[in-house]
Amino acid sequence: MNILSQLIVSGIAVGMIYGVIAFSYQLTFATSKTLNFGQGEALMLGALVGLTTVNFLIGQALGTPLAYLLMLPVVFAFGLAQGALVEYLGVRPAVKANSEAGWIMATIALGIIFRNLAENIWGRDALRFPSPLPEASLNILGVRIQPMEIAIVVGALVIMLAVEVFNRRSIFGKAVVATANDRDAAGLMGIDTRRVITFSYALSSMTAAFAGVLIAPVTLTGATMGAVLGLKAFAVAIIGGLSSGMGVIVGGLILGITETLTGYYISTGYKDVPGLVLLLLVLSLKPSGLFGRATIKKV
Amino acid sequence: MLEVTDLVAGYGKVKVLHGLSLTVQEGQLVTLIGSNGAGKTTTLRAVSGMIVPESGSVRLDGEDLTGLAAFKITKKGLAHSPEGRRVFPTQSVLDNLLLGAFPRLTGSRPRGDVEADLDRMFALFPRLAERRNQLAGTLSGGEQQMLAMARALMLNPRVLLLDEPSMGLAPRLVAEVFATIARLKEQKTTMLLVEQFAAAALEVADFGYVMENGRLAAHGPAAMLKNDPAVRAAYLGHAH
């Protein structure tokens, strides 16, 4: 029983990271029906830029927690710029040319370029990200929890909630939702929908970059850290539904927990299997996702 | 005020409009009638920038708007309540109305009193007031039509394009829509109305244009068109 709750708690932290990356996929899909297949690289770049910033600030004799907090705005700004660049270079030309699949190739290509760039700047070795919180586990009702794991769950919820509040409360957020609802009609409201799409890419990469610095202290940081996370989060986005806000949290938790359970009870070698089996099941039984609404494509 | 000259437009290689000209004067209600497929909706789409005209020009208060993106044309003060209503289904009635005022709320049109205009819309369409916090997607067809009109009016537009506001509505609601249009006309709202109910449209309008196969077949004061034997025979459903 104890080991089971231990595994579930560990799964929750990983699952929230999957959830928040999947959420970032939803942001661009909602407005443009396109995705950044280099989203894992946005996360990786966020983590590495965060690492360099934190190390610089620690070098200025700041404590790690303060350095971590001051690093966040830098990573946010970097993520926004990186996402806007991906949209401008990879997505906009393909969409303008009416290419059905051009953006897929273009965002994958940009992702590979970003990974090579990172390998050349930060090297190929995995680096250690200084943890802003104590690394000693807390013992809560017999379950050991790292403080950073709690920070991951809180951070993931806060960023998703912040985006939700922005979308519902501010007129610019309403313009984003309007663009997601009906792009032509949004244009008639005087909304520059192309700019809204650039913005949603910026916001999406910012969210992924934030996920990067959330997970970096509990894992290893390096140029290759994003690829698998990006792919698994994509599975979560499909499982939860690309257009269902809450579905990705549930989908992320399901995947995170089944992974840790499989890793312990079956074999770490099969850790990645249940998520993929789940993905295949969802795709064959409910293609719009567990929580997604079926959309009928009008011709 | 709104001047459309020799407009040629269509979808890809299919031309729908073959040189259409019309004028809407300030404070006027002008109606564009004609059979299905005559190009009425395409005309409105080409005027508001939803499609890019191939040639010809669209001018608002003398300013050339031809070929501008729809959002830029809206910022110039042209509102378009499109065919099929196109309300934002996952947003509340109130949010739909605020989105209609987007250029005013974001500084690209004079702000004026948005609150007062909301109240004016709720007075004009009491059903919307009752449902202000309901999602637009859950409204009935008639309520969605009212919302689409109110949303377009929230721009405080120089000119309002209305595309088939009566489409798909029960007769009682059609009458309600026309009563609202008449009231807007009393308030000196400049409007270009596309309608399938030609008789009702000519009843409220000042001026009318009759379209046929992408061209103008007739135009003149609404009262005159209403009594024109050819127009009556072709579009008003009875010849006597």
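Placement of Cβ uses the backbone N, Cα and C atoms for every residue, glycine included.
What TrEMBL says about a protein is an automatic prediction, not a curated fact.
Beyond the transmembrane segment (A:6-30), the same-chain residues lying 6 or more positions past its ends with a Cβ under 8 Å from any Cβ of the stretch are 36, 39-40, 42-43, 87, 143-146, 149, 152-153, 156-157, 159-160, 163, 176-177, 180, 197, 200-201, 203-205, 207-208, 210-211, 214-215, 218, 229-230, 232-234, 236-237, 240, 242-245, 248-249, 251-261, 264. The annotation transmembrane segment is assigned in TrEMBL to A:6-30 (among others).
Annotation source TrEMBL lists transmembrane segment at A:42-62 (among others). Packing against the transmembrane segment (A:42-62) from elsewhere in the chain are residues 21, 24, 36, 68, 70-72, 74-75, 78-79, 82-83, 86, 114-115, 118, 121-122, 127, 129-130, 204-205, 208-213, 215-216, 221-226, 229-230: each is 6 or more residues past its ends and has a CB under 8 Å from a CB in it.
Positions annotated as transmembrane segment by TrEMBL: A:68-89 (among others). Long-range contacts of the transmembrane segment (A:68-89) within its own chain (CB-CB distance under 8 A, at least 6 residues past either end) are made by residues 28, 36, 38, 42, 45-46, 49-50, 53-54, 57, 62, 106-107, 110, 114, 130, 132, 197-199, 201-210, 212-213.
Feature annotation from TrEMBL assigns transmembrane segment to A:101-118 (among others). Panel annotation: around the transmembrane segment (A:101-118), residues 34-42, 44-45, 48, 82, 86, 89-91, 93-95, 222-224, 226-227, 230 of the same chain, lying at least six beyond its termini, place a Cβ under 8 Å from a Cβ of the stretch.
If you look up TrEMBL, you'll see A:138-163 (among others) marked as transmembrane segment.
Residues 232, 235-244, 246-247, 250-251, 254-255, 258-259, 262 of the same chain, all 6+ positions outside the transmembrane segment (A:273-292), place their C-beta atoms under 8 angstroms from a C-beta of that stretch. Annotated transmembrane segment per TrEMBL: A:273-292 (among others), in sequence order.
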